[in-house]
Amino acid sequence: MTPSAPSQPVRVAALYRFARLDAFEALRAPLAAFCCGRGIKGTLLLAHEGINGTVAGSEEAIAELIDHIEAIDGLAGLEVKFSSATDMPFHRMKVRLKREIVTMGVEDIDPATSAGTYVAPADWNALISEPGTIVIDTRNTYEVSIGTFKGAVDPATASFREFPAWVEAHRAELEGRKVAMFCTGGIRCEKATAYVKSLGFEDVFHLKGGILKYLEEVPAEQSLWQGECFVFDERVSVSHGLAEGDAELCRACRHPLTASELTSPRYAAGVSCPHCFDARTDEDRQRYAERQRQVELAQARGKRPHIGS
């Protein structure tokens, strides 16, 4: 990746807002032009239910983008988490139109009007430490594998679409309990609370700003977070204070890897890792090895490798 100038670190903004956008299609081209004109890269998703995305650029450009989005009818009060990166973590800018800004696949769920109760990061420890509270990680299992809250339940989902089925299967376990949910930036758990409330549960809570806001605001010595938080860009993970983490990504299967997994005999950079080794053939590994060789050659020539990110 192309290094950023030391005097201008890259500003990363993870943002979302559930709001009724009847003419969301018309926002696509102007938003893309606005971002591209300021060197902003990343992805923004637009749907009838609102906006979601992560973008990066100079501090000035990101501030201008947030102001621009909040000036759009219905999008004031955008939920934003800021962090920094030493290099630009995205390859290009994309603005996409979707059926949902976070895909659950359940009709008639409206987080804008029926989400659970927000819990500020400063109050989160007290809630999840209460006897009888069930704490649910609404992220996918590959994200959970490198970090989660102490005592949290992992539904072991491969995608957010599987979450409603998990809730239905464990409905009896939730009865009569406080249900506290969390996710990376707040969007999935906010939608999850709306779904759980639609089933008749009342004591439903979610971490405002998600794990990212918690790691930003809660000191490490007081934290109940264990491990690192997976993020969907080239940083791979962040830790307390939103410092870039130590996790790396298997370029063969896209699974995040901890430091111990990187020492596994089944790990080869760009070729395989403990999570995908058994699922690959020798032919697959030979193909990935050749791709990795090309990546390393490009890096040696000072070029920026691109392998689909």
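For all residues, glycine too, the Cβ spot is worked out from N, Cα and C.
Feature annotation from Swiss-Prot assigns active site, cysteine persulfide intermediate to Cys183; the stated evidence is sequence analysis. Counting Cβ atoms from all protein chains shown, Cys183 (active site, cysteine persulfide intermediate) has 24 others lying within 10 Å of its own Cβ.
Averaged over the domain 'Rhodanese' (129-223), the predicted model has a pLDDT of 97. Positions annotated as domain 'Rhodanese' by Swiss-Prot: 129-223.
Per Swiss-Prot, the feature region 'Disordered' maps to 288-309.
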